[in-house]
Amino acid sequence: MTTFKEAMTFKDVAVVFTEEELGLLDLAQRKLYRDVMLENFRNLLSVGHQAFHRDTFHFLREEKIWMMKTAIQREGNSGDKIQTEMETVSEAGTHQEWSFQQIWEKIASDLTRSQDLMINSSQFSKEGDFPCQTEAGLSVIHTRQKSSQGNGYKPSFSDVSHFDFHQQLHSGEKSHTCDECGKNFCYISALRIHQRVHMGEKCYKCDVCGKEFSQSSHLQTHQRVHTGEKPFKCVECGKGFSRRSALNVHHKLHTGEKPYNCEECGKAFIHDSQLQEHQRIHTGEKPFKCDICGKSFCGRSRLNRHSMVHTAEKPFRCDTCDKSFRQRSALNSHRMIHTGEKPYKCEECGKGFICRRDLYTHHMVHTGEKPYNCKECGKSFRWASCLLKHQRVHSGEKPFKCEECGKGFYTNSQCYSHQRSHSGEKPYKCVECGKGYKRRLDLDFHQRVHTGEKLYNCKECGKSFSRAPCLLKHERLHSGEKPFQCEECGKRFTQNSHLHSHQRVHTGEKPYKCEKCGKGYNSKFNLDMHQKVHTGERPYNCKECGKSFGWASCLLKHQRLHSGEKPFKCEECGKRFTQNSQLHSHQRVHTGEKPYKCDECGKGFSWSSTRLTHQRRHSRETPLKCEQHGKNIVQNSFSKVQEKVHSVEKPYKCEDCGKGYNRRLNLDMHQRVHMGEKTWKCRECDMCFSQASSLRLHQNVHVGEKP
């Protein structure tokens, strides 16, 4: 038996995968494979391996199979020199001479390039070699041993160590163990690469930004950030990626595949790492800690984003408006604001969104899903971050402080929005009307005014709302829920803002000042109503009588006079009222409630006006007196009216007959005589009247009352 034994070559330690086998490996296994191939090649160079004899490698690159053949060493006057030939299988006959250094660079480049630059499943071309398939799916090259008794062949190895190494592939044995974490490896080179993680060793440095890496493959992947290279393209949408693993994850978006399920809540994820990070929400584990402030996070990516808060680093800048961002994804989402692009569409209603997260949030509006529950009050939330913010309400924690006034806030976004009140900045502009807003959320809500969009419907009465909080407040009218209680008087309210306005009644605070007359109000709503006195603005007109009002609510109350509608009913006596405030005042007759107390004697009154009249007796205030006939008048407003009666001044003139009046109301009633207008109609006999008072007197005829 004759054995052909040659010097150790790269093929003796090479492990070759087919393209199908490579597809079964995950990202970590592929990286390990490339690092092992590089390590073996370096070891050969370190022991003085200078020639490849007749070894052949096949590389899969850009849909071409490259076959690299090492030519024999040629001697010349210039000394030893290695020449190689690169031959394309699909283009036979094309040759190119390469130096030894170029061979090394080519191998190193192809072995460590990302997943698409992988070794092909073609066999070594040396006659007498054949592959052996192992249980792990590895294809290992054996050298054949020629028998002296015929043409038969059987596998043999150059030495015992190679045979032992080969046997480990069949048995699945991993004889090299890491002392730090106990992880096992088949190759000593793989163990050495792994140990760099524990030692913190980073041998490979980026020339552009100086960032260091423990593996050369990680460096090459990182360099694509600077070059912008994205060699992995999605067949479905054409989107490019710098890593094959990112492309594989992206493919699942098109297929809808979510193989990783949470056992706690059943939520599914595309990637295993996403599931692991999600599970920490249930366990409360936060292994990633900030060295600056000690804050902990459940994911490394969240820690990295947080670290930029301390450094104030915002490396990604928008070319259109020069705004900077900490993350590239945030920059990409921001650019869509300028382009108007909304690539993520809701299948239910067709609404478009800039980022996928907004689409996920919107989907929960249709499904009603709220998986995160507060242990304190039982309230449910769609997102864990919203639950975290809500829990600060119970704990009272306000970690975000305004540098101008020191005010604390539950969330960072609230603090940013508040700081714009100091600067006056309103960066979010409406394209339709040009109105500016401090928050994007406010702009989104405002734009629904132009579109008329009302996504949120009340299940009780079918009324629609443009915002979910508005629907929530409306539903409390049906349920009667009033969760906000005043600690001073015990009065309850449906909205927190109503409670704040009410509390100013006790404190006497009036922070909203009129710029015209300096009068103060405890709510902005009351200030807005007052300012229409100065402007004279009355945009809401009654179609029945033409009377104008400054507010829609005032018009609604007025229209009930024409229709006779009295929707507010007293449960005690059945009497009905046109306004809710009238009902509340009336109910005090039955309850005996007297909330208005006299500061002098402590006497209680049902109405503020009666208390004011009573207090004048203590102060012995001289009542207002009519100068014409000496009649005492209690109210100041009545005094002004009385003075106009006796004065010659009648500023309101009728254009038809020239008759003058001291009040606009009297002129309006008089003009109905000329127009023949009778807007007040009796429902019993259809008789019409020009004044409401005349109608009320007439209705007494039907009920049998004597005025």
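Every residue, even glycine, has its Cβ placed from backbone N, Cα and C.
Summarising the annotation, Swiss-Prot assigns domain 'KRAB' to 8-78 and lists sequence analysis as the type of evidence. The annotation zinc finger is assigned in Swiss-Prot to 176-198, 204-226, 232-254, 260-282, 288-310, 344-366, 372-394, 428-450, 456-478, 484-506, 652-674, 680-702 (among others) on the grounds of sequence analysis. Annotated SUMO2 cross-link per Swiss-Prot: Lys473, Lys625, in sequence order, evidence recorded as a large-scale study or a structure entry.
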Lys473 (SUMO2 cross-link), number of other Cβ atoms within 10 Å: 16
Helix-strand-coil residue split for the zinc finger (204-226), DSSP-based: 11 helix, 4 strand, 8 coil
Range from 288-310, 372-394, 456-478 with most C-beta pairs under 8 A to the zinc finger (428-450): 456-478
Folded-back contacts onto the zinc finger (344-366), same chain, C-beta under 8 angstroms, at least six residues removed: 329, 333, 336-337, 382-383, 455-456, 468
Local confidence of the prediction over the zinc finger (428-450), expressed as mean pLDDT: 82
Secondary structure tally of the zinc finger (176-198) (DSSP, helix then strand then coil): 11 helix, 4 strand, 8 coil
Helix-strand-coil residue split for the zinc finger (652-674), DSSP-based: 11 helix, 4 strand, 8 coil
